[in-house]
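**Student:** Annotations per TrEMBL:
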- 149-161: compositional bias 'Acidic residues' (COMPBIAS)
- 6-90: domain 'CLIC N-terminal' (DOMAIN)
- 149-168: region 'Disordered' (REGION)
């Protein structure tokens, strides 16, 4: 049985019910399968009107979900674990992180951003500034992690008076891992929706995050699985994109 017959990804559809929609969890699974180098089918599903043939496959289940060898998987973490366990070396690359801290860094960023996005009060309300501060605090932790050399980057012979700074491309090193598939889609949503809808920009001082996003923008695994900016804006209450 070839890969195409075994793996199908059902991801959230966008504004026209067919294009790729704004859903970081859908993009996360798409990126993981792409990085594995496996052949798979992708179907976009409109959450408001799930076709009967798809609701029959996974009753009451919203996308994203996977069908893998006939088994329906609809929990994101279980999907991740299953893919990593079933698509293993030497045929498929390992995508788990080498450094344990890479798994959890940035885990609270999206929740803090979502709280800010839901705020409907006066833009000058101190409550809103408090939400911005909380988001920036979480981004600061990620920025520090991206700039801090990992164990295998540290040059023991370097001058200790000059603090070393990481130049790695991704969260866990110079190759993409599960951590990037989780973080990149969320940071991109913050970047786009923040700028276009919330009068929020990721601060320039977070140079590690900006370096990381520039790397993402040059990576097919991210750009080719990404919703258009207009879909992100629409998801956060902006104008519906032209078809």
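Cβ coordinates are placed from backbone N, Cα and C, and glycine is handled just like the others.
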**Student:** How does the domain 'CLIC N-terminal' (6-90) divide up by DSSP, counting helix, then strand, then coil residues?
**Tutor:** 34 helix, 20 strand, 31 coil
**Student:** Across the domain 'CLIC N-terminal' (6-90), what is the average pLDDT of the model, as a whole number?
**Tutor:** 89
